[in-house]
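Participant: Sharing a structure below in structure tokens format, with a few things to ask.
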Amino acid sequence: MARRDLESGGGVTKNNRSAEENYSAPESSHVYDSETHWTSWLVPMFVVANIAVFVITMYINNCPRNNLRFQGRCVARFLGRFSFQPMQENPLLGPSSSTLTKMGALRWDNVVNRHQGWRLVTCIWLHAGVIHLLANMLSLVFIGIRLEQQFGFIKIGIIYLVSGFGGSVLSSLFIRDHISVGASGALFGLLGAMLSELITNWTIYSNKAMALITLLVIIVINLGIGILPHVDNFAHIGGFLVGLLLGFILLPRPQFGWLEQRRLPAGVQMKSKYKTHQYVLGVVSLILLIAGLSTALVMLFRGEKGYDHCHWCRYLTCVPTSKWECSNDS
């Protein structure tokens, strides 16, 4: 579910494979029976919205008419104006970089110098191609529907959108010469929320160690994929950190037996709805979230460069090897 980091002058790069399909959520090892089970409708709507935006993007792209820069025929020309850019420009079967920029792709110059801060949100709904879209939407369905069923559409919607925004902010701090699109920051936010939910509700899980190891392996694999060239791992990391903090804030479960206490006669002393560590984690996470996003936004709109404050951070998004080179902004 890697977010695409696209060269503003042309080629859209490799797609990665997501590891979420190997994940078995900790729900099977959960011993707490929640009183409310929600019907998932928001996540399916997110999927429909992403598909609709991609269709509109391809309509505007109109490869047969606008493919003047790259030699080569449009792919799937039978689709007419919905046909894809030549493979040498976009191997993910999608539009051109110029079309993505027109539709709201994330680009530092537009956000900071042209005061187009709305791109920090619109880029979440854009995808570089059919392959990119399918990978992200399958991940969203697999992860998001189960979370929405457990915690409701309001909490999961907040985590998804705010995590996507946080991923965009961190990406803009470090990446200036490329455009970036994709829902991966939001998806990593859901993964982060799953981890914090498991931690804050630790006592109500059985087989908790196995659930934690499984989730950590998936997170490490997906973040590890992000060190490949042309993958925007800063969006992944930013979304994950925001989702992790939001999980501590929004996803604590009441203590076992708390619901039954509400039926006790008046005057009987009741124990707190949440445990002390849940309150502490929630408050600390809220403070860190507000401080972190505020600081990052101030740095971004002041034109500061992330690498000036963290020289080694370039290795978080691409590690050069004998097989490939990295084109991180210096």
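Cβ coordinates are placed from backbone N, Cα and C, and glycine is handled just like the others.
This is the feature table in TrEMBL:
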DOMAIN    115-252  domain 'Peptidase S54 rhomboid'
REGION    1-26  region 'Disordered'
TRANSMEM  41-60  transmembrane segment
TRANSMEM  124-145  transmembrane segment
TRANSMEM  157-175  transmembrane segment
TRANSMEM  181-202  transmembrane segment
TRANSMEM  209-228  transmembrane segment
TRANSMEM  234-252  transmembrane segment
TRANSMEM  279-301  transmembrane segment
Participant: Out of 41-60, 124-145, 157-175, 234-252, which stretch touches the transmembrane segment (279-301) the most, going by CB pairs under 8 Å?
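Facilitator: Highest pair count goes to 234-252.
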Participant: Report the listed stretch (41-60, 157-175, 234-252) having the maximum count of Cβ pairs within less than 8 Å of the transmembrane segment (124-145).
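Facilitator: Answer, by Cβ pair count: 41-60.
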Participant: Any residues 6+ beyond the ends of the transmembrane segment (157-175) with a Cβ under 8 Å from its own?
Facilitator: 3, 5, 42, 46, 106, 108, 111-112, 119-121, 123-124, 144, 183-186, 188-190, 192-193, 232, 234-243, 246-247, 250, 293, 296-297, 299-300, 304-307, 313-314, 317, 328-329
